[in-house]
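Asker: Starting off with a structure, shown below.
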Amino acid sequence: MNAQNRRTFAIISHPDAGKTTLTEKLLLQGGAIHLAGEVKARGQARRARSDWMKIEQQRGISVTSSVMTFERGGITFNLLDTPGHEDFSEDTYRTLTAVDSAIMVIDAAKGIEPQTRKLFEVCRLRNVPIITFVNKVDREGRDTFELLDEVADMLALDICPMSWPVGMGGEFEGIFDFVTGNLMQPTGGSKAFEGKIIATGGIDDDILAENLSERGLSKLREEGGLAKEAYPDFDLAAYQNGDLTPVFFGSALKEFGIVEMIDAIAAHAPPPRPQPIEGGFIDPSDSEVTGFIFKVQANMDPNHRDRIAFMRLCSGTFKRGMKLTPSGHGKPVAIHSPILFFAQDREIADTAQPGDIIGIPNHGTLRVGDTLSEKNNRQFIGLPNFAPEILRRVVLKDPTKTKQLRKALDDLSEEGVIQVFYPEIGSQWVIGVVGQLQLEVLISRLEAEYKVEAVLEPAPFDTARWLKGAEAKIENFASLNRANMAKDRDGDAVFLARSSWDVGYQQEKNPDLIFGATKER
Ligand code: G4P
């Protein structure tokens, strides 16, 4: 067993592009072992779904991320699900820090959409290599060259088509695979892929004429030939460096191009990569067990406030019962009942490799951003907090519940549901989110899990910035701007700004300070 056969990846897309469908089909092809969300006592969890889970159900969106693992051809794939709703992006961003590569799903009729682009930028920050899947070719789509050029232009990426659709929508006749020379064709009334593959010696092979309409054939030859000339060849190093994206065409719904994608991930996507720590990188081959928490998920049972912290293992071979020390507070934690998502059945497995995700049940000791290690001398970096785009004051309906509210806000900010700011003046705490939906989640979880009734009122602030710079300079700035100063949950200084103009103005006046829109833990 080693880390080389692990592929830890995520799917990024705009809502409705087909991520859920593609995920299902990948799992189906990969003979999925099980879904992480089902790991804990299922019956009980279902009965006890709290309100925020109801929001999830009502809106048909996935608020929580999970881990899905499947194996194929000796490779273990860890697929980290990211919430697709555009409001709920912070959690998604964090999940992307735990993957080594990503699949970007694009709707053939729509091209690059806003959320695809945002998520892509996060991948780019960390040079996460991306495989592009142009989905829904069974429906009318845009011109193939136009789509490819949009990806190249909008994302400033080199692109290399690995396959080519023969027509789309009503004229769809199959997918031609440039790598193998195979033509995959739909069969039957539903026009799904049922395994009909025609092996060819290339787009000029006469056998194609027997299987395609005259129109389809001439289109494939013309477009395919042009594509091969117009775009660069596949270059593994450029892909792994995040400079080039191989593009596959297919239909998640009709199961076209799914296996090809899995095979491409197995063949080209990087195994666990060295992870950034303060002062350098830690290599997966390092024998010390290290990992970081990228997500904390509260148990669905509101009566037991235990949580699952999701740790990405970065180095060493994890063994059950092992003691690891979280960087947050320094007390070693014995991990007796880790949830290892690749276990063949629901039994608790005993070991895990770099790239694997381990679920660690805990009572709030583990926080997003914590590093866990055997020797407690490491701190992974690069797990971002994002400047909130919506700020609200939290007002209690029952003022005697201050203590419960503080506990709840601390907990939920540790989970990454909200960010919390404690102003230096005044007693009304301010919470920040990047999307409206998080506010609803907050209110229902406060009630369901903490029995705290609260309302959110507009705050006189528009955004928040983390102050960085010499301590004396920060203190000096703070003394002049008390009414706008707050501390975040870690006690770090935050400037609550009335507008982004205000941020620019203060930045100009205080060139020695950095007004950070993100904070890396
Ligand atoms: P998401 O997770 O990215 O939000 O997208 P999801 O997979 O839920 O797909 C969004 C819609 O697009 C669904 O239709 C789904 O069936 C459809 N879809 C996904 N892949 C393909 C494809 O390859 N071809 C075609 N023609 N459609 C595809 P829906 O009407 O919203 O839901 P449903 O009622 O069909 O389930």
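Keep in mind that glycine also has a Cβ here, set from the backbone N, Cα and C atoms.
In TrEMBL, annotation is done automatically, which means it is predicted and not curated.
Reproduced below are the annotations present in TrEMBL:
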type: BINDING; residues: 13-20, 81-85, 135-138; note: GTP binding site
type: DOMAIN; residues: 4-273; note: domain 'Tr-type G'
Asker: Can you tell me the three-state DSSP label for Asp16 (GTP binding site)?
Answerer: coil
Asker: Kindly assign Val137 (GTP binding site) to one of the three DSSP-derived states: helix, strand or coil.
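Answerer: The three-state answer is coil.
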Asker: Could you tally the C-beta atoms, other than its own, that fall within 10 angstroms of the C-beta of Val137 (GTP binding site)?
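Answerer: Excluding its own Cβ, Val137 (GTP binding site) sees 26 Cβ atoms within 10 Å.
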Asker: For the domain 'Tr-type G' (4-273), what's the model's average pLDDT?
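Answerer: Mean per-residue confidence for the domain 'Tr-type G' (4-273): 85 out of 100.
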Asker: Return the count of C-beta atoms lying within 10 angstroms of the C-beta of Lys19 (GTP binding site), excluding that atom itself.
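Answerer: Step by step: centre on the Cβ of Lys19 (GTP binding site), count other Cβ atoms within 10 Å, giving 24.
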Asker: Give me the count of other Cβ atoms within 10 A of the Cβ belonging to Thr82 (GTP binding site).
Answerer: 24
Asker: Please work out the number of neighbouring Cβ atoms within 10 Å of the Cβ of Ser13 (GTP binding site), leaving out its own Cβ.
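Answerer: I get 24 for this one.
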Asker: Please work out the number of neighbouring Cβ atoms within 10 Å of the Cβ of Asp16 (GTP binding site), leaving out its own Cβ.
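Answerer: Result for Asp16 (GTP binding site): 13 other Cβ atoms within 10 Å.
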